[in-house]
Amino acid sequence: MSTPIGQPTVPPDRDRGGPAQPLLSIDGLVKHFPVKKGLGGRPAVVRAVDGVDFTILKGETLGIVGESGCGKSTTARLIMGLMPHDSGELLFDGELIGGRALPWRDFRAQTQMVFQDSYASLNPRMTVEGSIAFGPRVHGVPKRQAIERARSLLARVGLEPSRFAARYPHELSGGQRQRVNIARALALQPRLVVLDEAVSALDKSVEAQVLNLLMDLKQEFALTYLFISHDLNVVRFLCDRVAVMYLGQVVEIGPADTVLASPAHPYTAALLSSMPSMDPDARTQVAPLAGDPPNPIDPPPGCRFHPRCTLAEEVCKGRVPPLAPVDPVHRVACLARQPGSGHSAAPTLSVAA
Amino acid sequence: MATLAPHATAPLLDVAGGAAPLPDAPDAFMPSRGFWGQVGHKLLRDPVAMTAACVILAIVAVALLAPWITPMDPYRGSMIRRLKPVGDATYLLGSDELGRDMLSRLMLGGRLSLFIGVTPVILAFVIGSGIGILAGYVGGWLNTVLMRTIDVFFAFPSVLLAIALSGALGAGVFNSIVSLTCVFVPQIARVAESVTTQIRSRDYVDAARLSGASTFTILRVQVLGNVLGPIFVYATSLISVSMILASGLSFLGLGVKPPEPEWGLMLNTLRTAIYVNPLVAALPGLAIFIVSISFNLFSDGLRSAMEVKA
Amino acid sequence: MLRFILRRLVAVTPVAIGVSIVCFLLVHLAPGDPLSAVLPVDASPETIEAMRTAYGYDKPLVVQYGLWLWHVLQGDLGTSIASGRPVTSEVGRAVVNSLILACVATLIGFTFGMVFGFVAGYFRNSILDRLASAVSVFGVSVPHYWLAMVLVIVFSAQLGWLPSTGAGPDGSGNWRPDLEHLRYIILPALTMSVIPMGVIARTIRALVGDILAQDFVGALRAKGLSEFGVFKHVVKNAAPTALAIMGLQLGYLLGGSILIETVFAWPGTGFLLNAAIFQRDLPLLQGAILVLAMFFVALNLIVDVVQTALDPRIERG
């Protein structure tokens, strides 16, 4: 279940591109980190993000899933501009981020991020309302108004301002701190909120409350979410579409229900089958993933998943499978799903009738 | 027994939606203290640190008021009344090798000793923090250049550097302060750079960058408050070392010049008196020791009080 | 490992060069003519000029540095203005004495410091801990030149057990490890040992406390390992840091011995420095500082390498 992609209720002057324009469009994003090798070693790079493309439509929630080290957090940080990207094009509502039409400061006022570690995200020396009011004040809102806005946001996320506004982060629980982080993200009235494992560190019951809060806020403020997580259950609950990442590349992207119920990529299937089931009869007999965990410094040639893939064949070592559509809204990077790829399981090219 | 639907289609969460009011935090009704309020609160409960602080305050007070409260003239000597013992009728703490009252000279000597001991640390705190914070926050080549230069000064043991600089510059209060400042700036800069680099990679600094704030604003509002605390604690731990070094310079004749009273200098001039009146000869060193250990104990207490529990 | 050492050597070279530049410039910081201490006040301008040319003070600074460095690399540190003897031999002789003193002091300080530190770390927050901590605070807070005087007062002036100055009975310039000379080294070494003792005790106390609080210690005990066995593990974990600190303290003592050597008239580099400063014997000053600083740099390097060799967690190569 998820909210339908609807008409966002933003004032017309903020929505520059119209409803059909994706809010965020990423093309060919690449980021490599150099690894220090001593004298006489080859210079090596960690290929953290190696050619990522996707779009986020206005009003939707896009999830990105993958195991640790697949590059999802790095992608988030590249989008937010916390580090420069090596190559690739980033467009926000049709405009180049950091270009003349959309300088960084303006972009920053429209996109915000909630981090995983709720304690490290808050300045231990600032009060909760001070932290929330910091963003608006940077953009010229007078102090009194900024504090007012901070207080009303605190109330909106379920923290009573009279009790919580003057507190310090160490006096709050994890769930309370994450609510503060959400309030802070909303203080600048953004259109896109990136949630980087925002609920991963919370206890389950608290996680449920925060997720429901996020859904309500999205409705109320007409937000678009990029939700990064390794928890497939949460992604299924919250997201409209989901992208699966492996070793710095997107291997599958499509509607959440489809991808998580009938995955097209063997890696997605393996991820799903390694989730423990509540049903005692549904036991996992065979380990879903074989082989060694991948090394981002020296990825395998061709399809990066082929050493661990049950469907792997010779052709998989030679070619990098492109992210090709299985149907209009669902794309997969797997030679076994692409007609004419040379893989034995690939569907035959259908002749237009 | 409830039937468990296969997880693939089960609704994940059936908690009533919306922002439910949260259970009370245990200390919901205690007034919230700021960071420094908390530190002060803990410090006041530390008997050792408080005693040390009182001793320091007492000595500083005496030193400040010395010109007006010395029982006798610290400069006036008398050749017949030299090296009187402690507990003498006229000279409470005895008299020195030129017949001057020890108590008065110790009181007045505290001024200079404290001055040349504390000033270099204050100066080094300002300069060192500036260099270190800048290097730590900006990073990159600036960091490398600044820190490598600092490393060169670290290649000297501090005593050697202080004496070498003093020896080169010559005696005098000003020169002592300059050379000691040069000794402490690298140490403080290193600590400042290390702390700033750590803080800089914290998520809340990233969050501040995401709000579109300028580097200067982030430094001023978000970073400085968190960074100056640990640097300050480190600086206070340097005061005792500085006092010992400063008096040591005067002991060698590189600092204060006679007839000004200063504890290290007095210790030097009284060296020959150790065979005649050992107790008096040792008094100035005792004063240095008391101040030094008080500063150390206070600094330790401050460091313990600053350990914030998350 | 060899690659690591080479890398470290390369990294140290700019620092060493920087140190040599600082040593060279120190002398030129000094106000007044380097020669004024040596020449009589009424020396004629021609004599002054001649002396200046002879010592090379008339050339531009960079050239002077180059020449000086060239000589240094060949082992020639110049000639002492005051004594006329080569600086290298004077400093060489003095360094040996200072090294002996520093080594003995470091050993004493290290031994006591380790004992106090371990006791304090094992019995945290007990009476023993407080005593040990008190001793270590004392160690780092006491002005060592004052302590020297106090010890001289007690053991030399009052009790007469130990001599108050010098390195040997005949006022000789060298210390030899025999019974006669033993009495002379006790007081200076004891005095100097107090600082490293304090530093090491403090550090080891914290370190041991941290190690004992780690989960693997609990696991060892749960497996039934005797307390002595656990102790051996703690020692193994603490060893790299402890040795590193000992090495650094040795360097500090070597470089910072001037005050104690002055009190005890110990014929080491500190004593030499003192004389050089007051006689404004700049080549000697320069040479002594350079040698001491280089010792410290080398010591840091050795400590670095040893620590890496002992601690399997640090990556090498």
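Each Cβ is built from the backbone N, Cα and C atoms, and glycine gets one as well.
Summarising the annotation, TrEMBL assigns domain 'ABC transmembrane type-1' to C:95-307.
Sequence-distant contacts of the transmembrane segment (C:9-30), counting only residues of its own chain at least 6 positions beyond either end whose CB sits under 8 Å from a CB of the stretch, comprise 61, 64-65, 68-69, 72, 280, 282, 285-286, 289-290, 293-294, 297, 300-301. The annotation transmembrane segment is assigned in TrEMBL to C:9-30 (among others).
Among the features that TrEMBL reports, transmembrane segment is placed at C:99-123 (among others).
Look at TrEMBL and you will find C:135-161 (among others) tagged as transmembrane segment.
The annotation transmembrane segment is assigned in TrEMBL to C:181-201 (among others). If you look at the transmembrane segment (C:181-201), the same-chain residues 6 or more away from its ends with a CB under 8 A from one of its CBs are 100-102, 104-106, 108-110, 112-114, 116-117, 120, 132-133, 135-142, 144, 147-148, 151-152, 155-156, 162-164, 166-169, 175, 242, 245-246, 249-250, 252-253, 257, 260-261, 264, 266.
Look at TrEMBL and you will find C:242-264 (among others) tagged as transmembrane segment. Within its own chain, the transmembrane segment (C:242-264) has Cβ neighbours under 8 Å at 98-99, 101-103, 105-106, 109-110, 114, 144-145, 148-149, 152, 164-166, 187-188, 191-192, 195-196, 199-200, 203-204, 207, 270-271, 273-274, 292-293, 295-296, 299-300, 302-303, 306-307, 310, counting only residues six or more beyond its boundaries.
Summarising the annotation, TrEMBL assigns transmembrane segment to C:284-306 (among others). Sequence-distant contacts of the transmembrane segment (C:284-306) (same chain, six or more residues past either end, CB-CB distance under 8 Å): 4-5, 8-9, 12, 15-16, 19-20, 22-24, 26-27, 72, 77-78, 80-83, 87-88, 90-91, 94-95, 240, 243-244, 247-248, 250-252, 254-255, 269, 272-273, 275-277.
Residues 113, 116-117, 120, 187-188, 190-192, 194-199, 201-202, 205, 259-260, 262-264 of the same chain lie 6 or more positions beyond the ends of the transmembrane segment (C:135-161) yet place their CB under 8 Å from a CB of it.
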